[in-house]
Amino acid sequence: MSSSVDLKPAKSLTQYLENYTEKPIRAAVVRISNESSFEVSDTVDKSPSFESDFEKIRQVLLASSEPAFVLVHDQNRNDLLQFISYVPDSANVRNKMLYASSRSGLIRIVNMSKIDKSFFASAPEELSYKSFFDKVTKETDTAPLRQDEEDRQQVDESLQSSTSQKRSLVTGSIAMELNDDALKAIEKFRSVPQNTLFLFSVQDEVICLEDEKESIAASDVKSFFHPSEPRFGFYSLSKDEQSKHLFIYICPMQSSVKNRMVYSSCKLAFLNKVEKEFGIKIDGRLESNDSADCTEKEIHQTLGLIDTSKESNTRSGFSRPRPPRRR
């Protein structure tokens, strides 16, 4: 998966962000210019109808096959901005990767404290006002705590409880829930027998338990991950009668841009939730674009079950002999 790309804000973006709440602008469409800066390419003026304004935003986005970010001013949500990431399936691969890898950079420029929710779309049917409205108003009664996002690798989390007793997870600007099976699985992960694997997927922005496997040899773990979609995994082993817990994140290169963005955005907060709220010590993290990298040796080495110093000494025995010292 592509690494984060930091681009500079163009003058048009800087000017928009200055006192945007006082401007008669409903939305600013932001695109990447010359692969070097974020520029406001279009704006949509405010009208008395938010729904009408959203339809105008939709028309602007659908008029081009190029991806775009949209900052939507929502005076009904404490004057915060709704953040839309639109990466159409018809966009070329280079643009898809560029926008996916630069999203966190734009969020830093805007400032996380000014963003209410994030909304992803990759097809025209996903750009509906109903979907947007449902997303924005979701969990209105339990507003999450907000913190600045220092960088893509340090996503701060904010926790909240919903009326359905599902625990919510706020990752960056994406609010996600864990379904009941996922919560039970994490709780069970504390004391499961060795060689147990839990797999989690994200479905409709809810983290769900996909599978639970017992008595899985470390050499077979890689075979349970989806070949073309991201997945999170937790795997247990034991050494000297002590349990070892491994976090696994596999994100295949052929997975959709939308999936890569969603999983990468919630990865660290999901891991932090397991460690901080459930009190489970994660002894190692294994992340890759290919499940084939999740070998028995790599698992054992990541968990510290292989003495790398001895392995190094063993290899040194085959190194070229030194020449004799001068007398």
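Heads up, the Cβ atoms here are built off N, Cα and C, so glycines get one too.
Per TrEMBL, the feature domain 'ADF-H' maps to 2-137, 173-304. The feature region 'Disordered' is assigned by TrEMBL to 141-166, 305-327. Under the heading compositional bias 'Basic and acidic residues', TrEMBL lists 141-155. Annotated compositional bias 'Polar residues' per TrEMBL: 156-166, in sequence order.
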Using DSSP, how many residues in the domain 'ADF-H' (2-137) fall into helix, strand and coil?
56 helix, 41 strand, 39 coil
Looking only at the domain 'ADF-H' (173-304), how are its residues distributed among DSSP helix, strand and coil?
47 helix, 44 strand, 41 coil
